[in-house]
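Chemist: Relevant sequence annotations retrieved from TrEMBL are reproduced here:
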- 1-54: region 'Disordered' (REGION)
- 78-97: transmembrane segment (TRANSMEM)
- 137-154: transmembrane segment (TRANSMEM)
- 174-193: transmembrane segment (TRANSMEM)
- 205-224: transmembrane segment (TRANSMEM)
- 230-256: transmembrane segment (TRANSMEM)
- 268-290: transmembrane segment (TRANSMEM)
- 345-370: transmembrane segment (TRANSMEM)
C-alpha cells in the first residue's frame, strides 16, 4: 500500500513538472510571438530616440548663434525663442491679410508637416524602414482622409457652384462613396503588404497612422469649418493659445518657483496662473477690436457674380452691442455707474470669455499630453524646423485641442445656419422634387402673410 502511494505521488510530481515545463515553453512561445524579429529583441523595453529625432529647442542659425554665444544658455534660449516667436506672429498676420484661401492652404501645410513628424517617430521606434509600402501607405491614408474631410467642406459651402458642372455634380453626389472606396483600396493594399516576420510591427504602425490621422487631420478639418463661420472664430482662439503660451513662459521664466506637473518640469504654477489672467484680458481686447470689422466677422461665402469667396455681409447681432439687464444683486452698482439697470455688451465678448477660460485652463493639457508623448520616447522635440521652439507639432499641440472645442462650442451655442448648404441640398434633388418644395414653400409663405402674390 505504501509502495502504491509512493508511485502515485511520483506520478503527480512528474505531471506537475511536465505542466511546469509546458508553461515555460508556452511563455517562451508567447515571448517569441511578441518579438517579431531580432530588431525587436535588441530594442527591448528601452526606446531612446534622442539621437534619431532632431531637436530644435537649442538650434539657431549660425550667425545668430555666433552673436549670442557670450550669453548664458538660459538667456541665449530666451532670446532665440523670443525672436522666432515674433517671426511666427508676423507670418500669421501676413497670412490673415492674404485672405481665407491662403489661410486654408497654410492650415493644410501645417497639417501635413505635423503628420510627418508623428509618423517619423513611429518609423524610428519600430525600425521598419525596410518594410514594403508602409511609408507610401501612410501618405496614401493621409491623402484619402483629406479628400474626404476637405471634400465635405467644399460640398457644404460650394455645392451650388459644383452642381453647375456634370462632372462636379457626380463628385458631390457620390463623394462619400468615392472616399470610402479610396480607404478600402488602402486597407486592401495594407493587408497584401503584410510580411510574416513583421506582423506585430506592421499592425502597430497601422494603428499609429490612424491615431495620427485622428489627431491631425480631423482637427485641421474642424479648423477649416471654424474659418468658414468667420475669420474671428479662427483668429481669436489661435491668438489666445499663442498668448497663453507666451505669457505662461514669461511669468514662469521670471517668477516661476512652484512646479506644476511632473510631465513638464519647466512648467510652474506662477506661469499657469499668470498666463491664464493675461489670456482672459487679451481675449476680450482682441475680440472687441475684431468685432468692429466685417472682414473678420462675416462668414465666408462664394459670390456667384464675381466668382470667388467674399467676406461682405451685414454683421449679425452677435457682433454688435446689445442691451442686457443685470441681475438684481448687481443692479445698485450698475445704476450708480450708468444710471440704469442695463448694460451694453457685445455678445461675442461673452463667448470670448468662455474660449479664453478654456484656452487657459484646459488648453495647456494639450501641451502636457505632447510632453508625456515625447518623454515616452526620450525625445526633446518633434523636430527642428523652428529654432528655439522645435517642430511644428511642438507649437500646435494645444491648437488642435482648442479647434475641437471651438467647433463644438459653435455647434452647441451659436448654431449658424448656412443658406448655401440648404441650397446645395435643394439643387441635388430631382426637378420634380424641387418643384414640389417650391410650391409648398410658396403656399406656406403666402398663408403666413410673408409673401404677397399678385391678383389673378
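Backbone N, Cα and C define each Cβ position, glycine as well.
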Chemist: Six or more residues out from either end of the transmembrane segment (345-370), which same-chain residues have a Cβ under 8 Å from its Cβ atoms?
Modeler: 232, 236-237, 240-241, 244-245, 248, 261, 263-264, 267, 272, 275-276, 279-280, 282-284, 287-288, 291, 297, 317-322, 324, 382, 393-394, 397-402, 405-406, 409, 413-414
Chemist: Out of 78-97, 137-154, 174-193, 230-256, what stretch is closest in contact terms to the transmembrane segment (205-224), meaning most Cβ pairs under 8 angstroms?
Modeler: 137-154
Chemist: With a Cβ cut-off under 8 Å, give me the same-chain residues at least six positions beyond the ends of the transmembrane segment (78-97) that come close to it.
Modeler: 60, 64, 68, 71, 103, 106, 231, 235, 238, 242, 246, 249, 253, 386-389, 395
Chemist: Please report, as numbers and ranges, the same-chain residues at least 6 past the borders of the transmembrane segment (137-154) whose CB is under 8 Å from any CB of it.
Modeler: 108, 111-112, 115, 119, 162, 171, 175-176, 178-179, 182-183, 186, 189-190, 193, 205, 209-210, 213, 217-218, 220-221, 224-225, 228
